[in-house]
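Undergrad: This is the structure I want to talk about, given as structure tokens.
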Amino acid sequence: MPQDPMDFEWSYWIEWGREHILWLLAGHLLVSQVSRLLVEKYKPWCLMVYGMAACWSLLGIKGFAVILLHAVISFAVAQFRLSLLTWLCSLILLSTLRIPAVEEAKRKWYDTENEYYLLLFTVSVRCLFCTSFSLEYCWHGPAQKSSHSFPWMLAYVFYYPMFHNGPLMNFDEFSKQMRRQEAFSLKTNLSILIVGIIRIFFWWCLAELMIHLMYIHALYSSAPPLEAASYWALGGLALAQVLFFYVKYLVLYGVPALLLQMDGLKPPALPCCVSLMHSFTKMWRSFDVGLHRFLVRYIYVPMGGSQSSLLGTLFSTALTFAFVSYWHGGQSYLWYWGALNWLGVIVENGVKRILSISLVQDLI
């Protein structure tokens, strides 16, 4: 039975995974386990060299040079230790991905559109990693200079399991865990790997069944079936779509999370099932945990967060969702999506504050 071809993300990453990325991840796993067994002290540098080689082989020398250039520029700007300047640099680097002339030049580097998109997605995610390192560099004093050096930035930026599509791990978490040396047990790691592969294979089979049998995205791409459907049917379609999105990211984030465990790191928690969620706030906290931690640590809290006035909280939240919308591409529908999510979070928190007033609780 033919599959629903309308979910670009799933088709795209599965195709790349089968042809190239899974093999490169297997190579990373081999390098990681050998380095943990023989040269634990040099594990970060072994993985850094492998990540750079994998990037070069998949994106070519020009793609590799773009990512390295972003890292060099971010590190140079971070030397001023000014958070605002670091953010300005990050936004400028991110904006270069949307300049038509630059896009056209990068497209000419590759034979297919899919190869160009792989560079685009990779650089977008690397921008977050460069931002995380640079801000941590700004906030830490000279005493932590050795753990915030340029080689450590490269080890973080070119760490391959999170290279193309995440998940995101902030630099402070990555460096602490990567420097920590633990007793290595090949038997324990092998059992973790086998159980992890079985779970991911189950999720992948479930996602493939959904995309071959349900045709959710094909239905959404055509107006007549939606206009003819009842409200109950539309609600069911919406639920089916977010459930597929959930299962899809169990696979897309599950594979790198398993490799992080094999490397002795603690990955961000995998997405929570959307059927268990009943609030905007919980959705943002527990679906993409790595991105949520990034947004809270580098945008929401520095701008005042919940500790500031009501207007300050509204502004912090708005800025956070504005960045999310811009990072995802900045198209008009993404601004609407961000605004609606911001409104949902604000209304939800406003109702919670009202319900926490003792008078209201007594009335209830």
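Every residue, even glycine, has its Cβ placed from backbone N, Cα and C.
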Undergrad: Choose the correct range: of 310-328, 329-347, which one does TrEMBL annotate as transmembrane segment? Give that range.
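TA: Transmembrane segment, as annotated by TrEMBL, spans 310-328.
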Undergrad: Per the definition of 3+ C-beta pairs under 8 A with sequence separation of 6 or more, do the transmembrane segment (116-135) and the transmembrane segment (190-211) touch?
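TA: Result for the transmembrane segment (116-135) with the transmembrane segment (190-211) is no.
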Undergrad: Of the listed stretches 20-39, 150-169, 190-211, which one has the most C-beta pairs under 8 A with the transmembrane segment (46-69)?
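TA: Checked against 20-39, 150-169, 190-211; highest Cβ contact count belongs to 150-169.
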